[in-house]
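Taken verbatim from TrEMBL:
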| type | residues | note |
| --- | --- | --- |
| COMPBIAS | 1-14 | compositional bias 'Polar residues' |
| REGION | 1-125 | region 'Disordered' |
| COMPBIAS | 15-64 | compositional bias 'Basic and acidic residues' |
| COMPBIAS | 78-87 | compositional bias 'Basic and acidic residues' |
| COMPBIAS | 101-110 | compositional bias 'Basic and acidic residues' |
| REGION | 165-201 | region 'Disordered' |
| TRANSMEM | 232-256 | transmembrane segment |
| DOMAIN | 234-670 | domain 'Major facilitator superfamily (MFS) profile' |
| TRANSMEM | 276-296 | transmembrane segment |
| TRANSMEM | 308-328 | transmembrane segment |
| TRANSMEM | 334-353 | transmembrane segment |
| TRANSMEM | 360-383 | transmembrane segment |
| TRANSMEM | 389-410 | transmembrane segment |
| TRANSMEM | 463-487 | transmembrane segment |
| TRANSMEM | 507-527 | transmembrane segment |
| TRANSMEM | 548-567 | transmembrane segment |
| TRANSMEM | 573-594 | transmembrane segment |
| TRANSMEM | 606-626 | transmembrane segment |
| TRANSMEM | 646-665 | transmembrane segment |
Amino acid sequence: MAQDTENGAENNHIPTEKSEEEKEQELDPKASDLKIPDNEGNKPKDSNHTPKPEEEQEYHKPEEVQQDPQKQGNETDESSHTSKPDEEQADSQKLGNGTDDSSHTSKADEENTDIPADVTPPKNQVRPSLDVVRFSFVLDRDQIRSVYSTGKLILDKDQMRQVHSTSGLAREIPNGLTQADNERGQDSPSTPKGDGISPVTLPLSDLENSIVGWESQDDPEMPLNFSAARKWVIVWALAAITFMSPFSSSVLAPAIEYINKDFHNTNPTNGPFPVSIYLLGYATGPLFLAPLSEIFGRAGVLTSSNVFFCLWHIGCALSPSLGLLVAFRFAAGIGGSGCMTLGGAIIGDLFPIEQRGIALSIWALGPLVGPTVGPLIGAFIAGSIGWRWSFWIVLIPSALITLILAIFLPETNHKVLLQRKVKRLSKELKRTDLKTCYDAEESGKVSQLSILRTGMLRPLKMLIFAPMIFIQSLYVSFIYGSVYLMYNSIPPTFETRYGWGTGISGLVFISIGVGYMVGLWAFSMLSDRTVVRLTKANGGTFNPEFRLTVMIWYSFLCPLAFFWYGWSAQVKTHWIVPILGLFPLGFGVIGVFMPTQAYIIDAYPSYAASGIAAFTVLRSVIAAFLPLCGPVLFDHLGVGWGSSVLGFVGVAMIPIPIAIFKFGARLREKYPLRL
């Protein structure tokens, strides 16, 4: 058959002009190395070879195509939607030999170009002819297959999963993923087959049209393609610095009485202020750190904020007055908010949707376990070597982690990486017309000042115009603030009712910490599996609301903990009973905190940093002021009814995750994010 094809080519040679693909190969030398092996294993043919009507008709003879069925077996078994083997091989040969110039396409090309049934265009779409069809080669076991891609043709998940390199498919959006997902390239070519979630094809470079993207789906510069070891080192380093920042937020809670004595403070409301003001820094920092990361990259901004965090802890340790201590704590909170704001965005840059659950769980150890361990250690520090040593003990490991991240953390912001690539290629190629694939979607050039201004306002706009973010953040903020209220009230409760000392009272927080650890383990086991299972049941379409199913069950635990702890301490039962009552509090906080964070990243991937910033701002503001109500609440109502107030509010908020899971997709569609 190969011999007949070669004879046909000699007898019917048709001279052609240079096609668009040949011109593209002249610009990109690597493209000229691409050869197409025929199905008989003979010498590769040039990818720009123009087919002849006779050889196409000869190639379409069924008896010749089906002579070697073994070569067709694996391919037909792998794709249940593929049409007959002879048609597929014929299509592959025609695509391999075709050109993009319609003026040189024969009638046989148009008549014999059969598109498989599973990629048939919609009824209202014109059937593409060979001259507008783009192709790439996909490794499917030992077979080389051609994949069709047109300007608006949507491929199903099985086909999309097999694509590795095609600029045509880079414009396609698989079912269940948004345009924002596609623009950011949030999925990885390494997505496990059969997971039910369609991967997003990365946008590739097209220098002929002045577009700079990724070199291939396996481009090593793409953060999604980093090695697993490198990714997990980054995650654990982020988790370490994210532990130290919230650890510092609560380490002063047991030392309030000592601080009041040293600074001669007699106002009970001002006592918790050094703890609360730190959280106001958490609310302020994300407003400008998030947009700065979009301009200068996440790595540089994170390192700068970590250095800022460390420097102001020196000021806190040396502060001569309560006023300066409050001011220095506020500045330290701004620096400490960097890892809280950018950590989730960095993980979103590194991991595809179906792998983020475990990574986010590890990173979230800091915001959840840090505030619990802080009072435990802070109680012994304040009672033994003095409250000022709390800041030195925070500073030493934080400085070490900051140095490690400054050396080993690469840039992960996809847009910033391609902007740097544009600058490099512009110098090498001496071209001034190059722009990134992301900039190509925007109209006009946007100044850095405009980006900064927009980014500072974007988190606030997302709270106002994205109902899902506001409602979820409000719910989590109440739970988060209640935990900080408990941090300030637990030591006095056990000191007055059970006669414990400051250091021993700090051990009560172990119960909350154990609840965090068990809840985190349960979440990491259930979250990704639940998402994959629901996605499969939904026909392969992923919805961000799938993240909230775990949250529905966890939402009952926090109110239970408030009632349990409050009334067992009120009636002075054995000390183990109220301590056990704090375990479901830690378990429940994980269950509402983690799904909300993952939901925001999945629902708004293009604005993940700003979404997390909005979440952090509202959460931190409420967590800063709610603990100030603690002394008044428990002094007037007692620990029983005071905790019950928190429990009743928690019960009233239980329907929130249920409603968002059921109606969230409709609300996001009804109120699209316009920034």
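The backbone N, Cα and C atoms fix where each Cβ goes, and this holds for glycine too.
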**Study point:** the transmembrane segment (507-527) in contact with the transmembrane segment (334-353), cutoff 8 A, at least 3 CB pairs, sep 6+
**Key:** no
Check your understanding: Of the listed stretches 232-256, 334-353, 389-410, 548-567, which one has the most C-beta pairs under 8 A with the transmembrane segment (573-594)?
Key -> 548-567
Revision key, fill the gap. Ranking 232-256, 360-383, 548-567, 606-626 by Cβ pairs under 8 Å to the transmembrane segment (646-665) puts first 548-567
Check your understanding: Counting Cβ pairs under 8 Å to the transmembrane segment (232-256), which of 308-328, 389-410, 463-487, 606-626 comes out on top?
Key -> 389-410
Practice item. Give the one range among 276-296, 360-383, 389-410, 548-567, 606-626 whose Cβ atoms make the most pairs under 8 Å with those of the transmembrane segment (463-487). Key: 606-626
Review point. Under an 8 Å Cβ to Cβ limit, what residues of the same chain, 6 or more beyond the ends of the transmembrane segment (334-353), are close to it?
Key: 186-188, 190-191, 197, 199, 223-224, 226, 231, 234-235, 238, 241-242, 244-246, 248-249, 278, 281-286, 289-290, 293, 298, 301-302, 304-312, 359-360, 363, 366-367, 412-414, 531, 542, 597, 600-602, 605, 608-609, 612-613, 616, 620
Study note, to complete from the structure: If one takes Cβ-Cβ under 8 Å and requires six or more residues beyond its ends, the residues near the transmembrane segment (276-296) are 248-249, 302, 305, 326, 329-338, 340-342, 345, 413, 415-416, 448, 451-452, 454-456, 458-460, 484, 609-610, 612-614, 616-621, 623-625, 627-628
